[in-house]
Amino acid sequence: MKKIIYPEKKDWMEILRRPALNTDTLRNTVKEVLDKVKMEGDKAVREYEERFDKVKLDSLGVTETEIAEAEKEVPIELKAAIMLAQKNIHTFHSSQRFEGKKVQTVPGVTCWQKAVAIEKVGLYIPGGTAPLFSTVLMLATPAQIAGCKEIVLCTPPDKEGKVHPAILYAAKLAGVNKIFKAGGVQAIAAMAYGTESVPKVYKIFGPGNQYVTAAKQQVSLRDVAIDMPAGPSEVEVLADETANPVFVAADLLSQAEHGVDSQAMLITTSEKLMKEVEYEVQRQLALLPRWEIAEKSLASSKLILVRDMDEAIALTNEYAPEHLIIETRDYMEQAERIVNAGSVFLGSLTPESAGDYASGTNHTLPTNGYAKAYSGVSLDSFIRKITFQEINGEGIQNIGPAIEVMAANEQLGAHKNAVTVRLKTV
Ligand SMILES: NC(=O)c1ccc[n+]([C@@H]2O[C@H](COP(=O)([O-])OP(=O)(O)OC[C@H]3O[C@@H](n4cnc5c(N)ncnc54)[C@H](O)[C@@H]3O)[C@@H](O)[C@H]2O)c1
Ligand SMILES: N[C@H](CO)Cc1c[nH]c[nH+]1
Ligand SMILES: [Zn+2]
């Protein structure tokens, strides 16, 4: 990890830069795959599965038999953990239910909103280097609570053409209707355009690598809605001298191990802590099964020593991390000053892994600085709020004249007339 001591404001942008693939290569690959799947459907998806996931597939759909087999393969201990996590995710997301209340803006004019589920949703579950069955719970649980009728899931299979059993188990538990073996850009294209076997959906959800994220952004320009850009994982730990370096290092590594383009940052006011964390990261790294991945992402990760907490907060809000862990003496006060972050973890006993799996919050979150403008996935992501209004005689008399004046001044006579003809009758 690169050490930065007392950064100057002019260097912030460079210091906070995320690692990124060459955008031309990325754009060209994504465009080629999207276009071919749009034209050739399943055939193209199968070809790309062979090219990128090294698997020959006869069909894309997961069968009922495969789902039943998977249920037998998942160990009891893991089933219990998945059920505990799902219960907490369900509890937290159920509490987000929207109650639209009727409001009289003036006598006779009543307005309200009603939450309506998006009918067809597509969930992308990453599977390139780790089978993220926890992401199934994070996406399908709120979709089910919202009442989405068709919940489609795509995930890359392994080289034998099998989907990880825990992904299938979690999908069944959380009410997914259709599961397909497809990963990367080809999966996003299949759900955006529809193919012979994969239904076209109205909104695509889910995290993924830079190819997946770029594909989602591309299809969202005209074909389908998306949740947000949820790309390579990132974490920032904001710590003072009271933080535990062993915990801090473990938290940094927990996100560094996701992928080579993940990023982990420590922003601290304590030089002593920075040195201890630097040592701990190397010590713990050597013990990790995915040390090779983590080592690569640590190369673009940083340990940043700042002058004071004000500077730490300003730098944090500029970085807008996907995950922010605050491990300071006064973490509640510091948390109040955060305006840009996806999900915040407070105090020394709140690891980021808790939000990844089982505290109940959603782990599908904006990355790459998009936390400045986007929220993570929540129940809201799966609904739309339709507005309604009802006006009676008193109401049209109350607001009609104002509408007539405004419409006339916008030179829209037909708008004005739609009110005038009614005012004559009341
Ligand atoms: N932001 C979030 O909320 C969040 C949550 C979970 C995971 N993540 C991130 O999701 C990512 C998962 O990545 P992953 O790679 O393990 O799985 P993935 O499923 O996102 O990507 C695998 C797919 O990428 C495609 N691909 C790989 N190399 C390619 C190439 N050269 N050209 C075209 N396509 C290619 C393949 O089709 C493959 O199926 C990680 O970066 C992780 O950090 C983010
Ligand atoms: N940290 C990831 C979101 O960036 C989510 C995840 C899934 N499994 C483990 N972690
Ligand atoms: Zn994680």
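Cβ atoms here come from the backbone N, Cα and C positions, even for glycine.
Lifted from TrEMBL, the feature list:
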ACT_SITE  Glu322  active site, proton acceptor
ACT_SITE  His323  active site, proton acceptor
BINDING   Tyr124, Gln186, Asn209  NAD(+) binding site
BINDING   Ser233, Gln255, His258, His323, Asp356, Glu410, His415  substrate binding site
BINDING   Gln255, His258, Asp356, His415  Zn(2+) binding site
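Here the features listed in TrEMBL are placed on the structure.
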residue: Tyr124; record: NAD(+) binding site; contacts (Cβ under 8 Å, 6+ apart): Leu153, Cys154, Thr155, Ala187, Ile188, Met191, Ile204, Phe205, Gly206, Pro207, Gly208, Val212, Lys216
residue: Gln186; record: NAD(+) binding site; contacts (Cβ under 8 Å, 6+ apart): Val33, Val37, Ala44, Val45, Tyr48, Glu49, Phe52
residue: Ser233; record: substrate binding site; contacts (Cβ under 8 Å, 6+ apart): Pro207, Gln255, His258, Gly259, Ser262, Glu322, His323, Thr367
residue: Asp356; record: substrate binding site; contacts (Cβ under 8 Å, 6+ apart): Ser134, Ser254, His363
residue: Glu410; record: substrate binding site; contacts (Cβ under 8 Å, 6+ apart): none
residue: His415; record: substrate binding site; contacts (Cβ under 8 Å, 6+ apart): Ile403, Ala407
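Under 6 Å, Cβ to nearest atom of ligand 3: this is the test, and of the recorded positions Tyr124, Asn209, His323, Asp356, His415 it is passed by Asp356. When other Cβ atoms within 10 Å of the Cβ of His323 (active site, proton acceptor) are tallied across all protein chains shown, the result is 26. When the binding-site residues Asn209, Gln255 are scored by other C-beta atoms within 10 Å, Gln255 scores highest.
Checking the recorded positions Tyr124, Gln255, His258, His323, Asp356, Glu410 against ligand 1, the ones with a C-beta less than 6 Å from an atom of that molecule are His258. Of all Cα pairs drawn from Ser233, Gln255, His258, His323, Asp356, Glu410, His415, which the record names as binding substrate, the longest spans 56 Å. Among the recorded positions Tyr124, His323, His415, not one has its Cβ under 6 Å from an atom of ligand 2.
The Cβ neighbour count for His258 (substrate binding site), using a 10 Å radius and every protein chain shown, is 25.
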